[in-house]
Amino acid sequence: MSLDAHLVVKRDGFTLDATLTAGPGEVVALLGPNGAGKSTALRALAGLIGLDDGHITLDGRRIERDAPEHRHIGVVFQDYLLFPHLSALDNVAFGPRCRGVSRTESRVRATELLTRVGLSDHVRKKPRELSGGQAQRVALARALATDPKLLLLDEPLAALDARTRLDTRAHLRGHLGTHHGPTVLVTHDPLDAMMLADRLVILEDGRVVQTGDAATITSQPRTDYVARLVGLNLYRGHATEGTVRVADDFTLTVAGAFTGDAFVAFPPSAVALYNVRPEGSPRNTWPATVTAVSRQGDALRIELTGPIQVAADITSAAAVQLGLEPGREVWASLKATEATAYPA
Amino acid sequence: MKKTFLTAVALAAVLVTTGCSSGSDDESAAPTSSGSAAAGAGAATTGKVTVLAAASLTESFDKIGTLFEQLNPSAEVTFSYGGSSGLATQITSGAPADVFASASPATMKTVTDAGDNSGEPVTFVKNQLVIAVPKGNPKGITSLAALAKPEFKVALCADAVPCGAAAKKALAAGGVTVKPVTLEQDVKSALAKVKLGEVDAALVYRTDAKAATADVDGVEFPESAQAINDYPIVALKDATNPSGASAFVAFVQTPQAQQVLADAGFQKP
Amino acid sequence: MAIPAIAGLAFLVLPLAGLLIRAPWTTLPERLTEPGILAALRLSLLTATLATIVCLILGVPLAWLLARTTFPGRRFVRALVTVPLVLPPVVGGVALLLVFGRRGLVGEWLDTTFGFTLPFTTTGVVVAEAFVAMPFLVISVEGALRGADSRFEEAAATLGASRWTAFRRVTLPLIAPGVAAGAVLCWARALGEFGATITFAGNFPGRTQTMPLAVYLALEQDLDAAIVLSLVLLVVSVVILATMRDKWVGVP
């Protein structure tokens, strides 16, 4: 069982054109900013909106013309959409009933699934009597109850508070592991994507801009959005044997030696700031002007302008010592070993 | 001259006093002259005269009203047509009107019993029943007895309304038992059922059949003589225009008005 | 707010008080046991209920069509649905005769093919009442459907439910209060139906003479009898409506 899809959907000036594949048991996260077309992609896969072009092949069969009820795809919706008039048990038994399984057998299966997700004490409850985390599990059990060939999850954790989210995420990861078919997960939260998915597909403005596993994405972002997401400074330029020209007359010395178009990425914490030009300076040193100061966890995030726009994280103590405020002129430096270059 | 068709008792008072007088406020004051009752002679009658009349009088009274206004240029006649018993209820409930012309002595009695009349009612025309059949009489119905045949669908008026009471009397006189499919609320509805072809025959007044000659034929039958309907007219006690009221009552009995009624199929009393 | 509200209530209740005051209380027991009253009441309740069932069967799918699908001329169709509300019922009755009457477009075919005619039959009463009352149901149900989240239907579809199953097992239970409210309105309207009924189905005791027709004809002869009939109709309908509202619509 595997998924191979090329989704083309045109909607009032917006075009989704994305290729998506997922192998048996693989969890693929569709990650992207709001309006990137993630939900559109998910709805297209589920058959809730039609394709304008492309195809969806699931388990070797073309399904893009099938109605949603004939696609054998399980969906966990963002706000779960549990049927409010049915108990947890009947919600889960709904799918099997629609597929022609007898009432008794459906209920047995539903009870089994609810027990598996740890809700055996809540089978008789109506959705409004369930907590957010419990509702999420019922929704998952309901989607799994039909033995779907493909499992789709739309922002599965977005509706939960931070604490529940942590528990549910771990719980969800366990269950996704037991699903034999491919899983596609839509999220705007990089942490969810990285914790739950084997592979990430980054969607921006209707197009796939990068795919790869969490390690690759986090260390080698290829767009500003991904860089911001994973908290890196990112520049594009031309590499020549250990240096990358990232602006007209500005080069960075980096780790890794190759020639050609390249990205350079480094974390804000790799940037050091000084009042005066540092002695015996590393090669990457340049004058910069502070444009903004904000709190970022324990550190302060300093936005700088100069030959390149850059973000630097420094301690509060250092900031006070330097007297940092917008308009202040400083020297920035970056260790070559902390800047990664990779082919564009 | 304006017409209004009133059914609701509650609305009657409002409409008659306001709706109908719009545009003639200057004339709606009480009559200025003491107005002779001999309206037919052309003595001036002025002001507004409100006449409540049985629905079967609609066409004739519209014409008579025009004639009356021609003879009395400063008078204005307003008619409100309806089922006689509905009109009687309106009068006894205090609807402001000057004249009441009914299709049956029984409904007139409701008004006189309540003491709402001014002077004694006068029978001004008679009407009798005919068998209304679709134009050309496709089923060949020529007698009252034919209506008893089960293959004919027959509409009668409900017993409670004058045409129904008359039909009952006529059928009894002929010893005919009819199984009607419907007991209509008034004679026009019964006639409409014939026009639409929903029934094969209906017992209606000769005048109604005559007014609908385009669609129906009226078949005369001898038993109808046993159920002749008198139409009484009376001026009302609470008339706002007593002289106008008696003038109109008198005019209806003049040869000129009687001719209009005869043309419509009514018989002289 | 309170003054117009009280005035509004008075406006609705005072005519009722008028009936109560004028009612012939002393002769009430014998009047109530007159056989005609019971027959008319039974017929009224029966036909209003049947008409409501007809409206449910036809009106709910129509409401779904109007609320959930787009097709050319949908606005126009919606306007057409409300026609019976605007049309004087008597005209509605004539219109029904022109279609279902013995010489009507459909009626003639029914007559020649099956030897079956609608006018002057109890079925005819049901048809007339359903025609006049259907808009109340369709409008209520359409409103409820628009208020209901259509994504539940999508969720049901992903679980393998056909449109019909999704509608029956998910949407319908969700909009049940709206359907019930519509059915109650529809029933009340059918119960009070006069004009279309007397025009289309005529008036014959026990067969097509419903309470409003009986009231109207009693009015021709005997005001007291009309008041008694009206009171019976009022009491029965108020009792039934109050019970149904509590039970179905969930009004506390």
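Yeah, the Cβs are placed from backbone N, Cα and C, and that goes for glycine too.
A quick note: this is a predicted structure, and the numbers were derived from the prediction, not measured.
TrEMBL lists B:1-23 with the feature signal peptide.
If you look up TrEMBL, you'll see B:19-40 marked as region 'Disordered'.
Per TrEMBL, the feature compositional bias 'Low complexity' maps to B:29-40.
The molybdate binding site annotation in TrEMBL covers B:Ser56, B:Ser84, B:Val187, B:Tyr205. A sphere of 10 angstroms centred on the C-beta of B:Val187 (molybdate binding site) encloses 30 other C-beta atoms.
Taking Cβ-Cβ distances under 8 Å and a sequence separation of 6 or more, the neighbours of B:Ser84 (molybdate binding site) in its chain are B:Ala54, B:Ser102, B:Ala103, B:Ser104, B:Thr107, B:Met108, B:Val161, B:Pro162. Binding of molybdate is attributed in the record to B:Ser56, B:Ser84, B:Val187, B:Tyr205, and the widest Cα separation among these residues amounts to 14 Å. Packing around B:Ser56 (molybdate binding site) is summarised by its Cβ count: 31 other Cβ atoms lie within 10 angstroms of its Cβ, all protein chains included.
The molybdate site is defined by B:Ser56, B:Ser84, B:Val187, B:Tyr205, and by the 8 Å test on Cβ atoms against their centroid, the other residues of the chain that qualify are B:Ala54, B:Ala55, B:Leu57, B:Ala103, B:Asn127, B:Val161, B:Pro162, B:Cys163, B:Asp186, B:Lys188, B:Val204, B:Thr207, B:Asp208, B:Asn229. Remark: B:Tyr205 (molybdate binding site) has B:Ser56, B:Asn127, B:Gln128, B:Leu129, B:Val130, B:Cys163, B:Val187, B:Asn229, B:Gly265 as non-local neighbours, by Cβ distance under 8 Å and separation of at least 6 in sequence.
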